[in-house]
Amino acid sequence: MPEYIKRKFGDQTIVFETGKLAKFADGSVTVSYGETAVLVTAVSVTELKEDQDFLPLQVEYREKAAAAGRFPGGYFRKEGRPTDKEILTSRMIDRPLRPLFPKGYFYETQILGTLLSADGQNDPDVMAINGASAALMVSDIPFYGPVGAVRIGQIDGRWIINPTHREREISDIDLVYVGSEHYPLMIEGSAREFPEEEFVKALEFAHQHVQEVIAAQKELAEKVGKPKRSCVLFEENLAITNRLAELYSSQLQDALYTSSKTERQKKLAKLKEELTAKILEEFPTATPREITSSYDSLQKTIFRTNVLETKRRCDGRGPEDIRPIAIETSVVPRSHGSSLFCRGETQALCMATLASLNEAQELDAYGGGEQSKRFLLHYFFPPFSVGEVGRITGQSRREIGHGALAERSLLPVIPSETDFPYAIRVSSEILESNGSTSMATVCGGSLALMDAGVPLKTSVAGISVGLVKGKEEDFDWSRYCLLTDILGLEDHYGDMDFKIAGTRKGITGFQLDLKLRGIPLDVMAKAIFQSQKARMVILDCMDKVINAPRAEISKHAPRIEKIKIHPDKIGLLIGPGGKTIKKISAESGAEITIEDDGTVMIYSSSADSLEAAREMIEDMVGEVTVGGIYRSKVVSVKDFGCFIEIKGKGEGLVHISELSDTPVRRVDQVVRVGEEIWVKCIGVDEKGRYKFSRKAAMKELHAKRMQ
């Protein structure tokens, strides 16, 4: 029997419905908001795999073209590999749910979200998160939920709950907040240099407005929820852990507090071999899973105890210390802009590339939102960056997620298309990794863009703040320590990875990941202000190397020539099936874009190529404009000058004084009838006739060739 719960959520109503669709799943809920609807199912197996030592949670979100009344793109006209949007939404669903499964619950679990209907106004990602929580709540799968998700915006100082795509375009912040009844669990988003004080207010506002969604899920679970299943939870073998502590605590302490990551890993690997052999002598029936679990548990205990009691970290730093920073720019000769950003043992090589607007990425956004992107950032994490051998395939979900975080952190300072009509791409190659590579990408990306001459509004830097909590109890926050600029090991054994990027004025990008069942807002606020302090230090380091964009773009980057044609002539320039414009591009070697208002942009790194393309376009559809330069033919010579003809555009006069920089006594000594010359339109006389200058055209063309 279908059951549903309705709640007012922002300006609209959110509806949770279960018992109608996908009834064979352990839990199934359809969430509707406006005319956007997402079906989310949860299934968990009842058979535990032997030696399974982690929670194999798989979260997949998919958007169907039919939901928006469209055909899929591509040759086969069907949905294929997940898009970046689908992957990012899957990650947003996964991250707040993972800490809420019982400790030791290692049963294979799958959560699937499917977009059923898209109204093009409301982003389905928030509904998918709420649906996943609700599906687990009505199922028999053990789960310490529910959680509620909301998107928050701010327009003209006014908070907006679940802003539409159009509202998000003008909002000062785009915050996705996921929280429990008591604490935040996950946040993600971007902002336009948002002040830290206002950011904390946004979190408080969001926390208030997830409570209705949480209450709705509780009510639905009370109506139709199944009793939670009994299951076997993996428990650490305390006898082995205690014995390891007796025998190896001192050696583990020394190994963990080795400043070099490589040396630390070697010591820990050697120690594990030794202690495994020793434990098997004393505990012959111990499984590899039990030994590894106890070994990791002891490392974690030693690490956390040291941080809490001595405030000393593995590399000798204090809680708020930043690792040494080294920066270089212009490190790749043929790149349009590049930088090498090193923070401790984390190293990011970032390269910026400029191209025509034709290279902007077209998106199949079935759920609405932007349909194209002219600024792209791609993040690559090769296995050698951590000293490993691995498969080289397409980008992983993690790489896509890290790239998206860095991209939205830099986007608020990217110049508008009007001010800088280029498509822009930053690629980040992580060459060494020991924590916080996404924030290194933000710093390196900002430096590379400035090196490329992109007129950024200001520099952007990022830092990650970690956390070690004293007690496991959810509500006991009497003892904790926040760590600035965390290492990979601190991320692994710590409780939080809070990435925040921004400028000197405020925050531009953020992402919170927790291993706990939430964190108090006041602790989050301390982390936010701690990151602000660190960001200023990093920006100072960056500004010492490059504090403003280069005055000129790279000689290898395409230059731009801008022409205005009458909109009625756009079709003539494009030609049937794009034949004409493609021919001009092929013959000139330039890339050409055409806007609906008749603006034609010509891109080429060669001045000759630019001139050739401009000449061909002008010959075909151009109109004479003051300041324009044209190839013309001399049709008659007079004592006072010469008359020229511009193909398809009529005639005009070049006065004798405009023929050359040097005095001219006889016109026929400079030009002859039938000769082709370059002229610049310098005005219109009182009768509406164009006046041209040969010397002005030659001077301007010479200056362009010298660039």
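If you go along the chain as it appears here, the first residue is 1 and each next one adds 1.
Glycine too: its Cβ is placed from the backbone N, Cα and C atoms.
Quick look at what Swiss-Prot lists:
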- ASP491, ASP497: Mg(2+) binding site (BINDING)
- 558-617: domain 'KH' (DOMAIN)
- 622-695: domain 'S1 motif' (DOMAIN)
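Across the domain 'KH' (558-617), DSSP assigns 32 helix, 16 strand, 12 coil. Averaged across the domain 'S1 motif' (622-695), pLDDT for the predicted model comes to 89. Within the same chain, residues at least six positions away from ASP497 (Mg(2+) binding site) with a Cβ under 8 Å of its Cβ are SER464, GLY466, ILE486, ASP491, LEU512, ASP513.
Mapped onto DSSP classes, the domain 'S1 motif' (622-695) shows 8 helix, 35 strand, 31 coil. All protein chains included, ASP491 (Mg(2+) binding site) registers 19 other Cβ atoms within 10 Å of its own Cβ.
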